[in-house]
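The domain 'R13L1/DRL21-like LRR repeat region' annotation in TrEMBL covers 1-120.
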């Protein structure tokens with residue numbers, strides 16, 4: 001199993017009991033994996049603490065290029081998700097993480113090109129951690145001028161009320177801070193540099 005390569009998907013993660021069981025998968029030793037998908041079943045009575053332990057134990061190898069997380073039920077993401085040592089991580093896709101109250105420090109990922117966030121309605125605050133900064137941002141502002149990596153080319157936000165309002169194409173208070181990104185899509189409104197259209 002150590003020589004697994006290409007894409008790998010792990011589903012039904014609600015059946016993993018704790019950090020130890022997750023760590024036993026030894027994902028951090030599988031250096032030939034390019035893409036990893038981690039998925040919980042969408043079900044009620046989610047054990048947020050156990051979800052957090054399991055995701056923490058599923059830390060992949062630092063050579064990973066793409067990561068998808070679906071139906072995660074934790075309140076917080078583990079620190080490895082924004083570790084700058086993931087120097088090849090280009091694409092992150094987070095879907096239906098309804099309980100999460102904050103986002104990882106994506107600004108610390110040096111070559112991140114595509115970020116897709118869908119269905120994070122539990123988001124309570126977005127602060128300097130989102131941009132990978134140590135100091136607080138001025139004025140519930142969610143994105144510092146230099147916060148997101150300049151490598152970012154695609155930013156897609158769906159069903160995340162707090163982000164949608166602040167980053168809305170052409171109108172949001174933080175739009176000027178993300179308009180350098182080649183393609184921004186917020187709840188169906190898309191902008192490709194000079195284009196603005198409904199998709």
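From the backbone N, Cα and C atoms, a Cβ is placed for every residue, glycine too.
Using DSSP to sort the residues of the domain 'R13L1/DRL21-like LRR repeat region' (1-120) gives these counts of helix, strand and coil: 28 helix, 27 strand, 65 coil.
Across the domain 'R13L1/DRL21-like LRR repeat region' (1-120), the model assigns an average pLDDT of 91.
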